[in-house]
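Straight from Swiss-Prot, the features:
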type: BINDING; residues: 189; note: Mo-molybdopterin binding site
type: BINDING; residues: 573, 596; note: heme binding site
type: BINDING; residues: 706-709, 723-728, 735, 740-742, 791, 794; note: FAD binding site
type: COMPBIAS; residues: 16-26; note: compositional bias 'Low complexity'
type: COMPBIAS; residues: 57-71; note: compositional bias 'Acidic residues'
type: COMPBIAS; residues: 88-97; note: compositional bias 'Basic and acidic residues'
type: DOMAIN; residues: 538-613; note: domain 'Cytochrome b5 heme-binding'
type: REGION; residues: 1-102; note: region 'Disordered'
C-alpha cells in the first residue's frame, strides 16, 4: 500500500488561468470522492491529468517495483470517504496595515506573535473536531515574514547546481509534466508545546501550545522525479545535498531568503515521499501554506519544508542559509544564547533537527472542562482522548495513560486511519482513547500520557529544557481538581499545562505566577502605572492573589491593569451577578470593554482597590476565553435539562464555543431566525431555562458581545435558534449606525460563518413547576406576571415553553403583557396566540402597541404605553405566590413597569425580576 499514489485513471486538469489566483477561493462544498485516496475518511478531487508513460529521466538506481502500487480497490482498503467540513476564511482586521492585508484567514486561529508576521495555531478543540484531516484554513501557520504574492502563470522553480540539465520549471510543467504523488502527511512545528518550556525558563521562541500540528493530503511532483529529469549528479560527482530557497525577503543574517537543505540520499529516496506540492486537500495551496508550490518532507519538522519555493540547488555542502543554522536546533540544556553565539554551537551538526520525535497530547478533557459528579455521570465511564505522532515514518504502536504518576499504566485504544506506503512508512498522526471510571478520576490528582513508536522510543517523564524550546515531548499531564459545578454537588475540573500564545490559564502558568510573585513581592513597593481618579487603592496585587477571589463571597476583576472588588456590586449589577462571577478572579479587560458604556466604566472606579503587579514576564494578561485557573471557587453552574447522555456544549461559562450558522429565515423585513450548529451533532447547548448566552464576535477589530436567549427547546440536540430583530443603519434617528451585533449577524453567510457563544449567564433559573432559583436562592410562585417589550419576549418565551411542555403537572399561571411599536413588530405572535388558545388556564396574552398600522384589521388590544390600568387589567396583583418578570428597554422598566407594579403591592426587592 502506498501513501504516495500515482494516478491510475483519467483525472481532470488543474485550471491555470491567464491570471492565476493569488489567494485560494473558499473551499468547495462539492468535493468529489476518490477511490484511490490513500486515507480512510477523506476524499479529494483530482487535480491533474497523468502524463504519458515512459521514463522520467535517466535512472541511475534500480527501482523495478516503482510502479507496483495502487492496484487495489481503495474504497475497500480505506472504508467510506467523508466530506471535509468547510472552515471559513475572511479578511482579518488584525492584518490591516500589514503586508498581509490581502490574505483571507480563519478568524478562530490563535495568533502567537501579535499582528505580523502570522504565526498561529487552531484552538485545540476545533482541531480535534475535524478529526484526521485538518481543513487548510485551520492548519497551523509558521511565517517568518510577509507572505509573497504568488502567481501561477509566472511562477518558476529553478533547479540548478550539480545537475546536468539545469531547468526553470513553470507551474504548468510541474503540475502536468510529472506523475502526481498524493501524500497524506502530518506537519508539526518543532516548537509544538514550547510554552511548557517557557514556563520553566524563557527560551528564544514564542509560545506554541499543543496545536502546532495539522494533517493534510498534499499533491505534487516527486522531488526525485524532478531531480532525475534535470540529471542530478551522483555522490561520486560530489552531489551530497539538496538546498531549497523560498521567495520571501527576511531580515535574518542581514537580509536573506528562507532556506535549508536535506541530504541527496534523502531527496532521492523513493520511500520518503518527498514532493513539491501545489495542492492541499484537493485545492490549490493557500497563500500562508506556500502558494503556488512548496516542499513537503513527510516525517520531518516543518522548518525543513520551504514554502513559496523558488530555487532547488544541488550542492556538495549543506545549506549556508542563516535560517538553516540559526533555527531548528536542540542544544544541550546548559547552553544559553550567549554561550551558543560565543562558542558557535549553532554550527555543530549533531544538534540539527530533521525527523520528528515521538509525542502525544491529551485533547479530551479540554482545559477548564468540568465533569459533574452525580448519579448519572458515575454510572458510565469517562473517555479520555488525544493524538499521537512520531517521525521518520515510524508507526505509533502504543499509548498509555497513568493516574498515579507512572506507578501503573492503562493501555489505550488506537485509531490509525492511515495505511503505510509500500515501504512501510507512516506519515500521519493517529488518535487514541481510553475509558476511565469516574470514581477513579475522583481519586486522581493528575492524568499523564505517553506514547511509543515501532522502534520502542517513548517520551521522557520530565521536560528537558533547551534554548530554542524545540521538540518538547515530555509526558503530557493534566491536573484534576475538585470544584462545585452545581449547588450541593461536586465536580472535577481539568487543567492543561498551558494555553497557547499570551493566553493565561494552565497549571504550569499558575505555578509560574506563584513562583514569580513570591520572588518579586519583597522588591515591589510602588506602582508605576497611571492611577485612576480613585487614589484610595494604593495596594498592589499579583495575578495569583486576584485568582483567589473568584466567588460570590469575594469577586475581584482586573480591567486595564487595575484591580476591582465587585463583591458589593453583585446584587445591583444590571446584567446579574453571573456576568461578573464568570470573570471573577481574572483579567476581563477585553470583555468589559466589549459590553460596557463609558458611564459603566466610570462607575467601576468606585470599586477600585489597587493595581496589578507586572513582573515583566509577559504572562499577566488574562484575555484567555478560559479565564483563570482557580476554579474551585467558580460560581454555581447548573446543569441544564437535557436528554440523558447528551454532552453539553456550554460545559464552562468561561469558555467560548464556536457555532456555525446553518440556516437563516427572514420572518419580516427586520426579523431573522438564525439556526446555529453546535460543535458536535450529539451535543445539547446546556442552557437552563431563564439563563442567556453571550454571542461574541470581532467587529472592526474589537470584541463585541451581546446577550441573547435562544428560542429553541433547551434539550434540542446539535443546534439552537436565535430570534433576532435587526437594527439597520439609518432607520432610527437616535441610533443612526444601527445595531452593531445584529447587523453583523445579518451579514453572516449560511454554511461557512461562525460565532462564538459563552454561558450560561444570568441570575434567574426556572427549574420547573413554579420553582425558581434567583441569585442562588429558591423562590416559588404560582402566578407569573410577565411584562416585556420588543425582543425582550425571548426569555419569557423560554419560560412559557418550559411550563407548557410540562402539562398538566406544571400548574403555573402566566399573564403576559407584550409591548411593541406596531402590530408588525410583534415577535412570535403566532406561537403565543396558539398557546393562549390551547392553554387558556395557563397562559393569557395581551398586546400593547404604539400605533395601529392596519385599523381595518380590527385591532382589539391596547394602543399607547404600558400603564397602571393595563397592568391591573391583565396581570395579577402582588402577593406571596406571585412573581413579576420583566425584560425590555431600561426606560420602559424604570417608568412604566416598576412604579406601576409597586402600586399593585409587588415586593420589588423579592418578587420582581428584571432579565
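Including glycine, each Cβ sits where the backbone N, Cα and C put it.
Mapped onto this structure are the features recorded in Swiss-Prot.
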| residue | record | Cβ neighbours (10 Å) |
| --- | --- | --- |
| 189 | Mo-molybdopterin binding site | 23 |
| 573 | heme binding site | 16 |
| 706 | FAD binding site | 19 |
| 708 | FAD binding site | 23 |
| 723 | FAD binding site | 21 |
| 725 | FAD binding site | 17 |
| 727 | FAD binding site | 18 |
| 741 | FAD binding site | 20 |
| 791 | FAD binding site | 21 |
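On a Cα basis, residue 573 (heme binding site) lies 25 Å away from residue 725 (FAD binding site). According to its DSSP assignment, residue 189 (Mo-molybdopterin binding site) is coil.
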